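Shown next, in structure tokens, is the structure this report addresses.
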Ligand SMILES: [Zn+2]
């Protein structure tokens, strides 16, 4: 069995501030180490349950956060940007299941640490009329390749968001959010034990046929992005095929998941 651990940073053990995830800030050094340790704990649990091969995708900012020299020696590390599938890079490499580690709730969620969708400029992303965050977007990409998402880690808000889409997903809640910038964060020793245990259980459920099915989105896919300011929607609407739907929102009807994902990334890059 080969899995992809696709990771982000805002949902990593101990993270409650943007400074923790900002490579120009002195605090970042501590949290990239914790991110690496969270990933190693997940990998350890997955290997112990019978996984043969692990790819890790680094999905935060420029995709160069994990410390390769400190990664479990059995892991292959996908890093850098721009990559074909962005946060899900590696998904097209004969993967059997995905774990989304260090994730955060979608933009606008209350009591959720650093809740956002892709960038601070996006107020909401709708796919076929349903509001989705990065979890839903990336689960949709996995679903396009017919791959299930079997585990998520982060605060209790992303755990609830993930269970809303995939009820059988294993959730590792590594912190309890009290607000956008606050939460109760157990020590790494505790969260890493939890991550290892949940990863092991997620793989066992996969082998037992008890994981949620891949997330399938019916095509054609209507993608709509609501931006923070009208001038952003103005810029995004210049993309061929896109239409302005309101002062702040732009939509596009796409033939399939790759096209919808490319449209979303392009809109976000145009603003
Ligand atoms: Zn991030």
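Here the Cβ of each residue, glycine as well, is placed from N, Cα and C on the backbone.
Keep in mind that TrEMBL annotations are predicted by a computer and have not been checked by a curator.
In sequence order, 10, 104, 106, 107, 122 constitute the residues six or more apart from residue 116 (active site, nucleophile) in its chain with CB-CB distances below 8 Å. According to TrEMBL, the active site, nucleophile annotation covers 116.
Non-local contacts of residue 8 (Zn(2+) 1 binding site) by the CB criterion (under 8 A, 6+ apart in sequence, same chain) comprise 59, 60, 87, 100, 101, 102, 103, 104, 134. Residues annotated as Zn(2+) 1 binding site in TrEMBL: 8, 10.
Annotation source TrEMBL lists Zn(2+) 2 binding site at 8, 60, 104, 134. Mapped onto three states, the DSSP output places residue 104 (Zn(2+) 2 binding site) in coil.
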Around ligand 1, within a Cβ distance of under 6 Å, which of the recorded positions 8, 116, 134 show up?
8
